[in-house]
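Chemist: I'd like to ask you about the structure that follows.
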Amino acid sequence: MSQPIKVALTGAAGQIGYAMLFRIASGGLFGPDQPVKLGLLEITPALGALNGTLMELEDCAFPLLQGVTATDNAEEAFADADWVVLVGGLPRKEGMSRADLIRANGPIFTGQGKAINAAAPKARVLVVANPCNTNCLIARSHAPNVPAERWFAMTRLDENRAKAQLAQKAGVGVGDVSRMTIWGNHSDTQYPDYKNALISGRPATDVITDRSWLSETFIPTVAKRGGAVIKARGASSAASAANAALDCVRSCHVPTRGDDWHSVAVASDGNPYGIPGGLMYSFPVRSIEGEVCAIVPDLHLDDDARSRVDASAGELEQEREAVKDLLGPAL
Ligand code: NAI
């Protein structure tokens, strides 16, 4: 058997954490032959609840699980991790604005960035906690030992939502939708790019000819799906977010097959689309052997698409401005 892969997870007693842990430990992330270790971080008051989750993990007797650390000390949880998934933070509640969330969650990521820098400089890091793009930027800015290409913020849930909507409209399975890009921020300004997507290998716009549905229903349905789930469920997306986090880590970890790509926010510096540097911006990305995630170049963006991708970059610049006092030296 190969060496275990260590995944560190923050917010491990929360709803997304609970929906992720058992799948990681059972082989649902890296496959049935890959042993794993877990490093779980929670705030002190949640350690009791986390202990209950640990008891359940034990009771599952997962053969692949080769060790678990559960702690309120970030460096201990992150030590020597291969992947750190930052989920811990306040979820958005009904009526809570994005600005409220940015100021509430931002400070968590200064400390966690420093802890990753000290304890897990070889890790790759996925930020799920919202506002995930900007939280990722904050953490990255405090981790000079961890190169920019090792940082990711999650837009995979948006990608999955977009694929599901297109598949439903076209009457095909979700597996028939490929090349689905989410551009920009994990927020209402994101641009789910149906114009470069394929359905059963054909341009999505050839298969779905209802243009007004694509621009007036599809885009807002995807972009506002998180709010719709909160309204219906009384709580933010959890199982689907956990599933997307696993999809995202797997897609970044394993070379991309065929001519498909996936969406994830990466450092925007030097990108081929003229998006300003110094942001964590979601692009179409291909994972290449040797752990590199490369932005797919040369996609056509018409005027409408261009104004949407620029608007989302503008929002990310505003978010960066709102947290500039929290940014560290590594940007
Ligand atoms: P939750 O409230 O159920 O769990 C969050 C957990 O984080 C709690 O157990 C809390 O004790 C813990 N926590 C808080 N501060 C912490 C810290 N400093 N260190 C470690 N743990 C800490 O929330 P849920 O539903 O699990 O959501 C977690 C985050 O994920 C939220 O910020 C939410 O907005 C975000 N999210 C992101 C999505 C995306 O697509 N990027 C989708 C859905 C949720």
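In case you wondered, yes, glycine gets a Cβ from its N, Cα and C as well.
Just so you know, TrEMBL annotations never went through curation; they're auto-generated.
Pulled these from TrEMBL:
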DOMAIN    5-146  domain 'Lactate/malate dehydrogenase N-terminal'
BINDING   Gly11, Ala12, Ala13, Gly14, Gln15, Ile16, Gly17, Asn105, Gln112, Val128, Ala129, Asn130  NAD(+) binding site
BINDING   Arg92, Arg98, Asn130, Arg161  substrate binding site
DOMAIN    155-324  domain 'Lactate/malate dehydrogenase C-terminal'
ACT_SITE  His186  active site, proton acceptor
Chemist: Is any of Gly11, Ala13, Gln15, Arg98, Asn130, His186 (recorded positions) within Cβ reach of ligand 1, i.e. under 6 A, and which?
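Modeler: Gly11, Ala13, Gln15, Asn130, His186, by Cβ distance under 6 Å.
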Chemist: Counting other Cβ atoms within 10 Å of each residue's Cβ, which of the recorded positions Arg98, Arg161, His186 comes out lowest?
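Modeler: Relative to the other recorded positions in Arg98, Arg161, His186, Arg98 has the fewest Cβ atoms within 10 Å.
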Chemist: Calculate the distance in Å between the alpha carbons (Cα) of Gln112 (NAD(+) binding site) and Arg161 (substrate binding site), and round it to a whole number.
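Modeler: About 29 Å separates the two Cα atoms.
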Chemist: Going by C-alpha distance, which of the recorded positions Arg98, Asn130, Arg161, His186 is nearest to Gly11 (NAD(+) binding site)?
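Modeler: That would be Asn130, nearest by Cα distance.
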Chemist: Measure from the Cβ of Gln15 (NAD(+) binding site) and count the other Cβ atoms within 10 Å, all protein chains considered.
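Modeler: 17, counting other Cβ atoms within 10 Å of Gln15 (NAD(+) binding site).
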Chemist: Can you tell me how the residues of the domain 'Lactate/malate dehydrogenase N-terminal' (5-146) break down into helix, strand and coil by DSSP?
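Modeler: DSSP composition of the domain 'Lactate/malate dehydrogenase N-terminal' (5-146): 65 helix, 27 strand, 50 coil.
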Chemist: Tell me the Cβ neighbour count for Gln112 (NAD(+) binding site), meaning other Cβ atoms within 10 Å of its Cβ, over all protein chains shown.
Modeler: 29
Chemist: At the Cα level, what's the spacing in Å between His186 (active site, proton acceptor) and Gly17 (NAD(+) binding site), rounded?
Modeler: 19
